Amino acid sequence: MYKNIDNNSSTTMFEMYSSSDRFLRPDMVDVPAQQAAGSTLPLVLTRKKGGGDDTEDVNYNPFEHRKIEHPTSDVETFVHLLKGSLGSGILAMPMAFLNAGLWFGLVATFLVGAVCTYCVHILVKCAHILCRRRKIPMMGFADVAEQAFLDGPTSLQRWSRFIRFIVNCFLVIDLIGCCCIYLVFVGTNVKQVVDFYTQESELSIRLWIVIVTCPLLFMCLIRNLKFLAPFSMVANLLMFVGIIITFTYIFTDLPSTEGRVGIADVTQWPLFFGTVIFALEGIGVVMSLENDMKNPAHFIGCPSVLNLGMGVVVSLYTLVGFFGYLKYGAETKGSITLNLPVEDKLAQSVKLMIAIAIFFTFTLQFYVPISIIWKGIQHKIAPEKQNMTEYGIRILLVLLCGAIAVALPNLGPFISLIGAVCLSTLGMIVPSIIELAVYYEDPGYGRGKWRLWKNAFLIAFGFIGFFTGTYVSILEFHDEFNGSH
């Protein structure tokens, strides 16, 4: 899955505090925060204990104060949303349906997609409210979380810096996890093709991951995003062609639905949830897309860029998952490319094309977490040592990704684990808590406190997915280490 986030939300990542009290803010008077790009308006908080004096200014329109050099149109934002949400996750959707069942997966994918989309609506709407209250043009994800906590009850205000830290931590873990998944994906697909021609001297998947990691040690030393753009173009082209050819295999000689499980065992549902939310959830990209729009009000609402974009994404993922599982049944693998006939030359080319695409995508995916980490520690490094230190951190981070991938080379549960841990938190739990904080005093939780109950349900749903998905994924890894797979 191609993921990106706006750098505005990451500038204070991994700030070191002399004590845990630095995370706490009992009273907020004239606390400056990072200003949005191009803004000449200061962000000054006047939140006081027991306050509520920082109310929304309906006359202030944050969109009119945004200074964007190259704003994107609705169509361009729609395309970027598709690009940010469509990626390697689509190749894992048949495995998700294997863990859910053909008919349950069909319904549940649309339901999970609707919940994910709604939580994005919550996040963006709360961002707009906070921009009006603070009279600033735009915010990133971590900015929204921090400012929302400052508008909540006093007990919540004290943890505003901490929630910013947590959001950035989970964003980094999510992105590093994706890089690890990419290594497993590339190694598995390359191994399958090479093993077909060298059956007498097969290398283990772990050794292939090491081989794939070696050139990435050098590629990830590229610090300028401009020089990574050609890799992005090649990756997009190869991925597009590879997926189109994969579709031709899926839709050829489809069997009857009677031979497929309609509803899988409930113990497998957490793996389905983790995989689907990993594939669908583009929570990290939405704020940067909305912040760059020419007409940001068109991003949410009905109809909206978000609804149309996520509608297309959910429909396409459901299509691939349904027919991919229908085609291969119980033999469905962690990536649908692994089910393509390895003796077929065209199928071999697809495996290699998509493997190369994901390989190049690694460098782009890696750019974001290293930027977040480096911006958080750069000021602590002496200027004359910054270049070597940054290169060292880049090498260590690539080696860390390789070590994790070598330790956990099972693609299916790995994807589910990242989805359950990171995206349940960022995509469901955090947006729901943000809305509870933003609506705490004004305008309130509504008749019968329906917003409270609604968000309590979403938070509970997110935690259930978090714990069950993590537990079942770990069990899958445990079985693998014990030789069950």
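A Cβ is built for glycine as well, from the same backbone N, Cα and C atoms used for every other residue.
Curation does not apply to TrEMBL; its annotations are automatic.
The feature domain 'Amino acid transporter transmembrane' is assigned by TrEMBL to 71-474.
Annotation source TrEMBL lists transmembrane segment at 102-124 (among others).
Under the heading transmembrane segment, TrEMBL lists 165-185 (among others).
Residues 183-184, 186-188, 190-191, 228, 231, 359, 362-363, 366, 370, 391, 394-395, 397-399, 401-402, 405-406, 409 of the same chain sit 6 or more residues outside the transmembrane segment (205-222) yet have a Cβ under 8 Å from a Cβ within it. Per TrEMBL, transmembrane segment is recorded for 205-222 (among others).
For 234-251 (among others), the entry in TrEMBL reads transmembrane segment.
Under the heading transmembrane segment, TrEMBL lists 271-289 (among others).
Residues or ranges marked as transmembrane segment by TrEMBL: 301-326 (among others).
Residues annotated as transmembrane segment in TrEMBL: 346-370 (among others).
Taken from TrEMBL, the feature transmembrane segment applies to 391-408 (among others).
Taken from TrEMBL, the feature transmembrane segment covers 414-440 (among others).
Among the features that TrEMBL reports, transmembrane segment is placed at 452-474 (among others). Same-chain residues lying 6+ beyond the ends of the transmembrane segment (452-474) with a Cβ under 8 Å from its Cβ atoms: 115, 119, 267-271, 273-274, 277, 413-414, 416-417, 419-421, 424-425, 427-429, 431-433, 435-436, 445.
Contact between the transmembrane segment (165-185) and the transmembrane segment (414-440) holds: at least three of their C-beta pairs are under 8 Å, each pair 6 or more apart in sequence. Sequence-remote contacts of a segment are chain residues at least 6 beyond its ends whose Cβ falls under 8 Å from one of its Cβ atoms, and for the transmembrane segment (414-440) they are 89, 92, 95, 115-116, 119-120, 122-123, 125-126, 129-130, 141, 144-145, 148-149, 151-153, 156, 163, 166-167, 170-171, 173-174, 177-178, 180-181, 184, 270-271, 273-279, 281, 283-284, 334, 408, 451-452, 455-456, 458-459, 461-463, 465-466, 468-470, 472-474, 476. Remote same-chain partners of the transmembrane segment (102-124), defined as residues 6 or more beyond its termini with a Cβ less than 8 Å from a stretch Cβ, comprise 93, 96, 141, 144, 257, 260-264, 272-273, 276-277, 280-283, 286-287, 290, 299-300, 306-307, 310, 313-314, 317-318, 321-322, 325-326, 427-428, 431-432, 434-435, 458, 461. Counting same-chain residues at least six beyond the ends of the transmembrane segment (234-251), those with a Cβ under 8 angstroms from any Cβ of the stretch are 83, 87, 90-91, 320, 323-324, 327, 336-337, 340-341, 346-347, 349-350, 353-354, 356-358, 360-361, 364.
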